[in-house]
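Data block below; observations after.
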């Protein structure tokens, strides 16, 4: 039997398909284009016609919340609730779903229900959250597709808080589920759980990571690398929460608010835990961490390894967390599982905490090292003291921070669904003013395009400005984009990648055109700079195509508005500043990643396919949209003309490419017969001739019949990028 091979995988015996070598094993430096095509519609069992906002509108929202409220105290024998209340479990479920978000690239977070899949469903920090999702299954089954898993997980956390006496800030639905693991998220290079190989020479976390160890949401609760040092832990806490966009006040509120409820579980060493869900046996049916200690549940539960509750009344909202923290001195102890924790000394009888499962048993309050960082960190301690003395301020701060935590990656308010959406607008939502005037029509659009082209700005400058405005969009957290016209504001106006001097010329010309149009309009119509920036790019593309012999009309839909400085958090928008933009052949110096990897990463954030990435880069090159007039990759003698010259000349076998340095990040292309220099290129250019998949796409456009297809496909991809943030057009 050992000689028999599976006809599909080629494997013998019991070897798993994962043991098969793939292209990445043979050629580890090969770029991963698969991230551009993940979440293909074919993977979605709901089909292309399913519209989640429509389905959500049919939801009996009040009934759903009532069922969740009932669930909170409906303790199940197979996984008993602590103190008869599941509230803390569902707070942790929601928190750990949202808490993977990081501002560096907008990835992670609660927006897609990715906690259902590897690796998150099997992270050590998510131990036993598989049980929480199974507890939710009867409710998910009842309401079906009217509520996504992603929304249900977050809503369960909100209802949990409300069921224990806390008033939340609100809830918005709109998170659509994915149906396979995300391949684009870099969680770290470590090959073992709870390892830390993610810091630079200064000890700072490498970008875009926001957790201190592989498999953790934030910090090690026992302290950095398991060392119980509250001061050092404070630095980790502040850094990790800042990496997900939280202020110090929000950080303190979240830690204290979340730990107002429930307990830690460390009844015995984790050697009693069997494999996590992804590694568990088939018959476990997706459940992991089977516990062989005693009953394996209830008072015998093992999760973090820390054991105990933070305060009396663990199922009620109150000031107990801060009261315990600042009332008592804390003694370093070890849990039954061997984890470092801190136990209150000389506890008053009224502060002893009844056991979650065993009648007549009680324990002193505990704190983790991370908890005590709120008391010992010089920056967080004053905030914690203030919250201790002002319950109203603490409650308000926690409500707002919880809403921000659980909604940060949902996108703009235009995507919010449901009756509990708060009316108050938050600056972290990147608000744009509503459009309150009639929009320009086709005739006016045509006139404005003529005026823009006659303004003295080149095709290259107009295209670059429009691209710089729209390409800040990130499909990960739906931030950025052209709406709001923030490229005219700080910080974007001064970003090196946007070629500030050239950009200022474009903006000045467009502002003059805007002023003339708006002041002369007799029908109440106005046009925003945000619209004019995009329209200028569209007009330039039309001219570039016409100069190449192709008559095209680039679709343009007005309706963008101009945000002001008061609606723009400069620090928050600085995280959108690209490390590299291969589409403009620009890269910050000193980056460890190769230009082609950064290009694919940026294309994925722009939700582009490999063909879309190819045609856009090739078109932008020949139109001269590189930053600061960089000539790398401009494989044409007719700069400013939209043509397939990049593709044709890249595949020219009479050009011989050689690197110009040992780093092999820049190249010269010479005539193979004469040695005369023809072109210069970056890695982001030559990858389209080197990578077999990208070369196959380039060949389509370089063919004699590929010119018209190239222009048509460029226009289609261009419009897609210009409208990535136009969620108002889809509602």
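The backbone N, Cα and C atoms fix where each Cβ goes, and this holds for glycine too.
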Here Swiss-Prot annotates region 'Disordered', and of 1-23, 24-46 the range meant is 1-23
Residue 96 (active site, proton acceptor) to residue 259 (heme b binding site) - Cα separation in whole Å: 13
Counting Cβ atoms within 10 Å of each candidate's own Cβ, which of the recorded positions 96, 259 comes out highest? 259
Residue 92 (site 'Transition state stabilizer') and residue 259 (heme b binding site), compared by Cα position, are separated in whole Å by 10
Taking all protein chains shown into account, the Cβ-based neighbour count within 10 Å for residue 92 (site 'Transition state stabilizer') is 23
